[in-house]
Amino acid sequence: TLMNMKTFIHVAYFAACVLYISPWGRCMGSDCGPGGSQSRAVWCAHVDGWTTLHTNCDQSLRPSNQRNCFRVCDWHKDLYDWRLGPWNSCVSVSSRASGAPRPIICSGGEEGIQTREVGCTLKSDGSPAEDAICEYFEPQPRLEQACLIPCPQDCVVSDYSPWTSCSKTCGTGLRNRVRSVLVPPLFGGSICPNLTEFQSCKVGPCAGPEGMYSLRVGAWTPCVLPQTRTTRQAKRRKGKGQGGGGAKDPETRELIQKKRIRNRLNRQESSSWDVQVGYQTRDVTFSLLTFSPYQMEVPLTIQSCVLPRDCQLSDWSNWSACTKACVDSDLPGSWRQRHREVLQFPTGEGTECPTLNEREPCEPQGDVVMPCAVYAWRTTEWSDCRVDLLLGQQDRRRANLTGLCGGGLQTREIYCVQANAELLKYVSDFQEKDKATRPVENRLCGGSVPDRSQLCQLTCPVECQVSPWGAWGPCTFESCDEQSAKKGFKLRRRQITNEPTGGPANCPHLVEALPCDQPSCYNWRPVGLDRCVPVEQKRCGPGTQLARVQCVNREPVDESLCSSTPPPDPVACQVPCSRDCVLSDWTPWSTCSQTCSSKTVEGKQMRTRSILAYNAGEGGAMCPNSSSLQEVRNCNEHACTVYHWQTGPWGPCSEDPSSATLNATSAGAAVGLGSCSNGVQTRKVMCVRVNVGQVPPKKCPDAPRPSTVRPCQLPCKKDCIMTPFSEWTSCPDACDTKQYRKRLVIQAPSNGGQDCPEVLEEDRECQPPQTCPGFRWKSHKWRKCQLVPWFLRQDRPGAQENCGPGLQTRAVSCRQLDGTQVDVGECLQLARSMPALTQRCQLPCQDDCQLTNWSKFSSCSADCVGVRTRKRALIGRSKKKDKCKNTQMYPLSETQYCPCDKYNAQPVGNWSDCILPEGGRSESALGLKVTGDVRECGQGYRYQAMVCYDQDGRLVETARCNSHGYIEEACIIPCPSDCKLSEWSNWSRCSKSCGSGVKVRSKWLREKPYNGGRPCPKLDHVNQVYEVVPCQSDCNQYVWVAEPWSMWKVSNVDLKENCGEGVQTRKVRCMLNTIDGPSEAVEDYLCDPEEMPLGARESRLPCPEDCVLNDWGPWTRCTLPCTRSNGRIRTAYTLRSPSAGRLCPDTIEEEPCSLNLNCFNYFYNITDWSTCQLSPNAVCGQGIKTRMLDCVRSDGKSVDIKFCEELDLEKKWQMNISCVVECPVNCQLSEWSTWSECSQTCGLEGKMWRQRSVVQASQGDGRPCSSPMVQWKPCPVRPCYRWQYSAWSECRVESVVCGHGTRYRNLTCFVSDGSGGEQDSGGQVDEELCGSLELSVDGDKRIRLKEACMLPCPGECYLMEWSDWSSCVRICAKEAGVDFGSVRVRSRAVLAQEPENLQLCPDQAWESQPCTEGECFEYKWLSSLRLNSSRPFIWCQRSDGLNVTGGCLPATPVMDDSACNPPCVPPTSYCSEAGVCMCEEGYTEVLSSGGLLDQCAPIPILEIPTAGDKKGDVKTSRAVNPTLTSTTQPGRSGRTWYLQPYGPDGKMKIWVYGVAAGAFVLLIFIVSMIYLACKKPKRPERARQQQNNRLKPLTLAYDGDTDM
């Protein structure tokens, strides 16, 4: 028991556990393809959701957790793809879901689903693969889509026509009425009902026996030859042999005549046809229903005919060679063709000839097939770079184009050549070598066209910039090695600061020389003086000062070089004693006042000293007078005769005679490598005296003389390279007289190369062809009229031997335009339709009336109002016959109005574009080039077409109106005007006087662009554009210059001692600094105010016997970095020692170094980049950006750059970089193409077009492409002629018979204006005007002017003619917004005449065809009461007002047909139990005047909101489902009331009138209150004015809101 319980528990637990599996994981593996594996998780879980052990689940049901798979790699995307099957038929959703049949009532269409098969396949063979492979790259496409099943469209027919009259005038007959099909049955709709309704009629009894006759004519039998002709001919030959001559019977004469005709035919006709005249017969049945009282005339029963012969063709010719006789897979496929000839043309009703030509695709065959010619674009050499193409309209440089540089534009021509011509030559060895570059027509080259213009760069020459002149050097020999001359030169130099293009040789002279006396190479230059040392080691008194000197030769050199010259002697000096006057040291000599001397001007320089202490009375040395405190000496005593070497420009590079042989050898060894030899350039060098001119060379020093010769590279000679002439253009088909060929210049000559020939284009006369190509049919005279053989006619009633209807033939041949006869096949291909070979004719009998041919019309007396006549006359016995004298049947004269030659010309259409006159030939087909300035403007002409009409309003040639087809009117194409700016202003002064600043210049707007001119650059708010560049100002450009201190002015004067506190002053000026020193005074603000020396100082004037020191020396420089621990000092020394007991002050002064006070750190500061600077002669292109390096003190002040340079600070910045200014390239267009063919060959709306393309789009501020790319002008108006059929005639059978007949129509030439509108019906004109047209109507070349027809006999039942095509009807459903196409239909109804023949009537017929722009109609039921009947008349009406049968939905079925009379027709109506038509719930009855139900109108629902409704202030009327019985709809708070204003009897209820009356009273009350509230009170003082100013009535706008 315990075991059983455990087992039960385990089974129950086992049943409560379920196995769960996860989706398969990603396919893993090392190789791509089917070798991968994927896994998934499998676990056991309790039904409550928690996981448990695997053993608790049934292990036999455990699925696998691993399987093999296909590992997809990226390269599989090219191997696999989804295969999409076709969509299956649309299946209804309802029938698919439940299998229910399609509903009977269909509205618009029924929703359905289409499915298809989708699978992953291998692209190579289409084999199926796993879907996961394709899903790796792309999701699986959808397998089903929604579709719409159209509703069945029943046949819709029109209303019946009125009844026809009775088919009989007595007795019992039939009358018919017919209708036509408007919409055919579609999509399984019901078939069309009967289109004919019959009704018996009986006008009255016949007075006698009812009789009816019928002559029924049968169809003509096939045309045959007389069967007995051969036998009869044999008999005649036999009789002729026996009896000899004799009279010939009529048959014999006829045979002889035919033989002669046949012989003549053989002489003129081609063997391609054989016209044989036979005969055909027909039966005439005479049937009597009752006795006919008179005899009928029997119609013709035999006639001549053309024996039918089928077209016979020759065998096919051999296949022609392939049109592509070469191998090239890129070219389209080639064809080969074959043809056959006509051996026998079809005659009679024989089978027409099939196609004579046949072609099929082919590939060239053979062992050695040449490759096809490949064409590629080639270009000529780029033209020279031109900058003037980029200049603006107002640029002044347009007047002088020399020196322009920078960005430019260069152009070239492109042409098409045969790219593999040399390969083909190698294969075939047929073409010449120069054929490889022979230009061909551009249309042969495909692909992108190479650029015809590009930007280029002309390197701007860099101008040489030099520094200012340095100081004059000492007087030296020209050469220190040769010192024999007595005269020397003083030299001064300047350096190149900006290296020019072409090297230093293009700079001005850098050395100037000055002749001088007593030259020396090495001299001692004094540097300073040591301290004065008294003699004999005394403390004061006279002494000497040793001079500190340097040995110099323009620069310091070793002192040993000056050993030959003794150094300067010591200078005598005075060390003042304690009671002596003390003087300061001499100041340095001032700058020389003149750079040179002349007779009137001498250079002077000065130095000064001052009194530092006065002497002590009589005991000391006296102070000198004031004149001794200043010294002046002459300077620059050399004459103002400065010389320098002046150089001329370098000459052209010419061959060096010394190296001519070597050059020739090297050039010969390197032919074809383009190497050029070395040459020499020379220039003129002369000695020039400044301000005088050229002087002898000996006046200038020889050492700095420039060279006169330098080596150069000879420019390579470039010969003219041209393409060979192209092939001659073909002579046009129009027999033109000239043909052309052209060649292009690939490389222009330069540097003395061979010039190009002048002739680039040649023309020659075309070889005049013997005849211009063209073929025409030549028709010969008609032969004699051939009758049916007499032996066949003689038994026919009324037949005569030599008269009656017959047939005549004629010969036709093919001729060239010059009349030469050619093969007929030429006309079959190139001429119009072949003329007819046969026609009916009539040989008059004796009883027939015979007349002459019509004469020519008489001349007109006046156009348009006059008449002209023509006449004919009776001949022979016809003059005496009475029937021939009947002028109504045989008129003898005809009168017609004279042709009117009045024409009216008038303009038609719009004006064309304004077109400039064409200047020369259009763009060549062998080369494309671009012009420099593509803008076209100025005076042009626009055109409007002229049309010419005759007096009948028919279009005629414009030449009839003496017009060339156009009205021409002058017009103006406005020229573009570019943006106009002023010239650049002058540069402003540099914003800083020391260091780096900026300078600015500007332009301002003068005129805005218009008509597509160049746009303006970006302007500021005042319409100006600025250019800002950095600038550098030399900090030493302006310096303070202080004069010597004045004499002391002692305030506490001790007359005995002359010492004490005092003041000294001096004058301080700001001066312009030059290389020679300060030169001239300038404004003080130009100098640094912080650096300005003191102009006054207070100090103590030493007394006698006091210590006297010289002025303090400069402060020593603080060591960096600046810290308080560092200091600086300045020193002085003792000039006069004090007397005993007195001390000297300290000779050293020290102060700490304070940052930004007396100690400064220095660093470099880099400015921003300038704008891109161009050369003054450049417009755009390569430029340079610069920036400045500035030395800045730690307090932010810019100082001289030397402060930073002395510290050897790192300079890590690049100061110049190249940049590009975008070039203002104007839009460049190609030349206009030739005018296209007219868009219409005739009519009013023809246009010709020409176009051009953008060769170079605008760039930068260039002129945009705003010109029209396409221009049009009207074509000359030409009348549109066409062949047009007339309407078919009635079916004609001889006399009053019935049966097989013929109906005819004519082919007429019509003219129209080609507009295609309703007014373009055209008018009939002479057939000659259509003579050049192909004989076809609406594209159909099969001209049918007659056809067989049936004329029903009395009593027969037959089909009517086809009805007119119905209007185009669109099969659609407006409510579903679905359209299933448009269709139109026509039908044939049946007409019957005898009740007995109704069973023999044929079936009615209809046919449909698709159409466009159909209208979507709706159908609805209408009804009205019948007169004298209680039942209404119900019918279906289409939305266009047409009454139809079919199309309306079935009416709502009544519950009991017998209960309601008339039945309940309106929708949503039903028949109540009381037998009255009522409306369903939610609708109210609307009754007619007769008390019958007319329609069911929906009841409006008024929603009354409650207080809980948040939208209680909104009044809405909504339609609800009337089947809900509850007054509250689900999900909506509130009550819904049904207010029915009509009672069951259809009358208005009483409460409606009450509500209306209450609303009206409430409205009157509201209006009255508003009037009283708005009424103004009366004012006594303006009583009279108020009588005039009456109160205007207040108008209320009532919007229907019940709150009002």
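Backbone N, Cα and C define each Cβ position, glycine as well.
TrEMBL entries are annotated by machine, without manual review.
The range from 93-116, 645-668, 1581-1604 that TrEMBL describes as region 'Disordered' is residues 1581-1604. Broken down by DSSP into helix, strand and coil, the domain 'Spondin-like TSP1' (311-364) contains 0 helix, 19 strand, 35 coil. Long-range neighbours of the domain 'Spondin-like TSP1' (979-1021) within the same chain, counting only residues 6 or more positions beyond its ends whose Cβ lies under 8 Å from a Cβ of the stretch, are 392-394, 396, 935, 937, 1027-1035, 1037-1038, 1086, 1088, 1165, 1167, 1188-1192, 1198-1200, 1224, 1226, 1261-1264, 1266-1267. For the domain 'Spondin-like TSP1' (155-206), the number of residues in each DSSP class (helix H, G, I; strand E, B; coil) is 0 helix, 21 strand, 31 coil. Across the domain 'Spondin-like TSP1' (311-364), mean pLDDT in this model comes to 81. The DSSP breakdown of the domain 'Spondin-like TSP1' (1227-1280), given as helix, strand and coil counts, is 0 helix, 19 strand, 35 coil.
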